[in-house]
Number of protein chains: 2
Amino acid sequence: MSLLTRILSPRSGSSDGPRTLRLGIAGLGTVGASVVRMIARRAEALSAATGCTITVTAVSARDPKRDRGLDLAGITWFDDPVALARSGEVDCVVELVGGSEGAAKEIVEAALAAGKHVVTANKALLAHHGNALAKEAESRGVSLAYEASVAGGIPVIKAIREGLAGNEVSRVYGILNGTCNYILSRMEAEGLTFEACLKDAQALGYAEADPTFDVEGFDTAHKLAILTSLVFGVEIDVEGVSVEGISAIQPLDLTMADELGYRIKLLGVAQATEAGIEQRVHPTMVPKGSAIAQVMGVTNAVTIDADAVKELTLIGPGAGGDATASAVVADIADVAAGLVRPTFGQPVTGLAAPRRVEMQRHEGGYYIRLTVHDRTGVAAGVATRMAEREISIESIVQRRSAKAEAADAKAAANDPRGLSRAPVPLVLITYAATEGNIRAALDAIAADGLLAEAPQLIRIERE
Amino acid sequence: MSLLTRILSPRSGSSDGPRTLRLGIAGLGTVGASVVRMIARRAEALSAATGCTITVTAVSARDPKRDRGLDLAGITWFDDPVALARSGEVDCVVELVGGSEGAAKEIVEAALAAGKHVVTANKALLAHHGNALAKEAESRGVSLAYEASVAGGIPVIKAIREGLAGNEVSRVYGILNGTCNYILSRMEAEGLTFEACLKDAQALGYAEADPTFDVEGFDTAHKLAILTSLVFGVEIDVEGVSVEGISAIQPLDLTMADELGYRIKLLGVAQATEAGIEQRVHPTMVPKGSAIAQVMGVTNAVTIDADAVKELTLIGPGAGGDATASAVVADIADVAAGLVRPTFGQPVTGLAAPRRVEMQRHEGGYYIRLTVHDRTGVAAGVATRMAEREISIESIVQRRSAKAEAADAKAAANDPRGLSRAPVPLVLITYAATEGNIRAALDAIAADGLLAEAPQLIRIERE
């Protein structure tokens, strides 16, 4: 049978009889437990929708004794998840263990090798091994489904792969990490520092004890790499993502953003350019009136720019047991309905090799916050260095804090020329310029001795 | 073969060979022409995604001589679209004629009777005959696909039917008519009247010469009826939709909405209640900070409230040739990939009969704008009548226009007791109350002789 016409009839001899899909679930954390409950709760609806009875026949988790509030009667318990993946009782393996290596990888590889469908929520695994795993799945004629790996409960994989099949996509960008969006939302609303909001996020369970993976943008990069492959028909290239997190964002940046008509969001952006495909994760100024700017707290959002639909935005929960389980169950329903599509929207053998674009070549608007010595001629010096690199300035804001004013007033008696005045922020918004030119101009400004601190640079993303 | 496992292999004897899907397109207006071009432009990608070669083999339209800028070489022209629907050259009929009766209905019926898949953008046909057509499609084991019929290029049918398969939905609501949203957006932004904005919308081609169908909410009602069926698993009941358009909205209502923290949108809302399923189309106050409130101009948006994902919002183009064609081609790709799902997400025989809920039983917040005689005791009179019906008031705003002030000042000399003063607006926002109680209170207020004009009543929809 060819890939796309393969029909799932694991138990029934003929495709006419009632069909059953037997699930083996590896990992019974919040998401796994929610999947088990959802499959039970929605049994009738799922059967009506797919023409197939879906049952959980096997589970595996680290601690067999933990009370998860689940009725596991009649379900086979496996201590070894790889044995579950190979079990003859299982048609479709649901991998919810997580991590790009170790058990998760072994489970998925064993399941595919045994010709079983795989549904996973594991973005790290996909980002690092997606090409090889997709190849294996396609050669076996089985599904490797991963809706839950990107933007949690938002059915963005399905929307792009199927809903936009007629479109050529030019850009996809989104808020893909709820932890970062929660922190930035609170910093903005309450004028708090990154550190204070991170602490709250940890207390609320929105951030890990070691938050690096989320706040430095790596989680977003994994998800973006998956979207890039799907949207542009290229092999996954997570190493090609330029990554910058939110830990350097200061309350002043959020205040200035507000004043200039922007909000700051950590975006993952994949964009087709003449030189190749830009993949970048960084704090981003988005226009306040844009749909994505309204997205607050742990919510995720993805916007797709495409030739026919122009702009499509999906907003929903990016994490949480039930929301993630919703995406997992949607994938399971597709498998149950007999839908086997190529992992990345087209056969993996047809995916193009990635063509990376250096961030130096990125072209866009920039927010630049300089901390300059408060001396005559500084603004002119900055403007000259910008002009040398053909960078046009859209707006410029210089404002002294009340505290600085007070300190200076006190010092004025002994320092009539103002040489001891405190450094002041100088904020510039540029028209489109290349990152290379921006960096070169900033280096020149620093070499001129105009800066009291390293500059803050935030990219602007237009609708 | 059972419904869900039927495989499309129209031309090839075995499912192993290369497959072809032959399209017959009835209707070559803006959407039809865009579909023909998209199928050609995306031929390679669609073939890679579906494992099937998609070709247009037949077309039909009213005027064979019109230059549509299309290369129709090698494509059979049918003067009679019903003959196209029956043609042996066609595996899937794309109905883009429009209208609930006449040619469109005959084409779809003939296609289904001949065992062909149908893809349509026709919301009126679905809303009025969807139950019977779905039954026919399912008995034949073919697809009746209609992504383009609701919210244009937004893949909302797929998102609900497949992406949210694990969810129980409690409410779905959306901006489903671009004409109305364009008019309301301009009224709000520029303080213009409904009539002035309608004229502009007509000049720009966003509104028909006879705009009734759009501005009085019937188009939204058709789309809502389809969503209701899909979301709640009930038969389509377009007659059960309570419909109210936007023609009575005045600039003052938009000003007051803004002041009170709302925007006014024409929403279609389907909501599960204990008494049954409310289906209603009406101008609605939505909180300014909500995602749906940001949707301006001809853009559409749909929000789904569901148990697992909580809230999912999709925003995109609601109309236009390319956007609608995008949805049509997505359906075609599903057919080409061999995906045949029940029309309304589950077999039509399993759909429940609709249980209508009278609008009188609707419970929610209300914006009430009264035009009262400017006399002592009027506000107290209004408040008393509200209290009698156990309606709690959240805010109350009374403001005299500058014009009224000036007129009164002029008259004051001859009318020291103010008996001739111009009527003034009195705006109330209520907490949740039933529509029956609200209407009864308003009737009592009118009977008391307090009103100079009929009251304006706009429902509030909370997130």
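Glycine is no exception: its Cβ is also placed from the backbone N, Cα and C atoms.
Sequence annotations record features per position, and here TrEMBL assigns NADP(+) binding site to B:Ala26, B:Gly27, B:Leu28, B:Gly29, B:Thr30, B:Val31, B:Gly32, B:Ala33. Annotation comment: TrEMBL describes B:Lys123 as NADPH binding site. Under the heading L-homoserine binding site, TrEMBL lists B:Glu208. TrEMBL lists B:Lys223 with the feature active site, proton donor. The domain 'ACT' feature in TrEMBL is assigned to B:367-463.
Ranked by Cα separation from B:Gly27 (NADP(+) binding site), the recorded positions B:Lys123, B:Glu208, B:Lys223 are led by B:Lys123. B:Gly29 (NADP(+) binding site) and the residue listed as 'active site, proton donor' are 21 Å apart (CA-CA, integer value).
Other residues of the chain with a Cβ within 8 Å of the Cβ centroid of B:Ala26, B:Gly27, B:Leu28, B:Gly29, B:Thr30, B:Val31, B:Gly32, B:Ala33, the NADP(+) site, are B:Ile25, B:Ser34, B:Val35, B:Ala61, B:Leu96. In three-state terms derived from DSSP, B:Val31 (NADP(+) binding site) belongs to a helical segment. Among the recorded positions B:Lys123, B:Lys223, the residue whose Cβ has the fewest other Cβ atoms within 10 Å is B:Lys123.
Between the C-alpha atoms of B:Thr30 (NADP(+) binding site) and the residue listed as 'NADPH binding site', the distance comes to 17 Å. B:Glu208 (L-homoserine binding site) has B:Gly29 as its nearest neighbour among the binding-site residues B:Ala26, B:Leu28, B:Gly29, B:Gly32, B:Ala33, going by CA to CA distance.
Between the CA atoms of B:Leu28 (NADP(+) binding site) and the residue listed as 'NADPH binding site' there is a gap of 18 Å.
All protein chains considered, the CB of B:Glu208 (L-homoserine binding site) has 13 other CB atoms within 10 Å.
Under the DSSP three-state reduction, the residue listed as 'L-homoserine binding site' is assigned to coil, being neither helix nor strand. Look at B:Lys223 (active site, proton donor): DSSP puts it in a helix. For the pair formed by B:Ala33 (NADP(+) binding site) and the residue listed as 'NADPH binding site', distance between Cα atoms is given as 19 Å, rounded to the nearest Å. The distance from the Cα of B:Ala26 (NADP(+) binding site) to the Cα of the residue listed as 'NADPH binding site' comes to 16 Å. If you take the Cα of B:Lys123 (NADPH binding site) and the Cα of B:Val31 (NADP(+) binding site), they are about 14 angstrom apart, rounded to a whole number. Broken down with DSSP, the domain 'ACT' (B:367-463) shows 34 helix, 27 strand, 36 coil. Across the domain 'ACT' (B:367-463), mean pLDDT in this model comes to 88.
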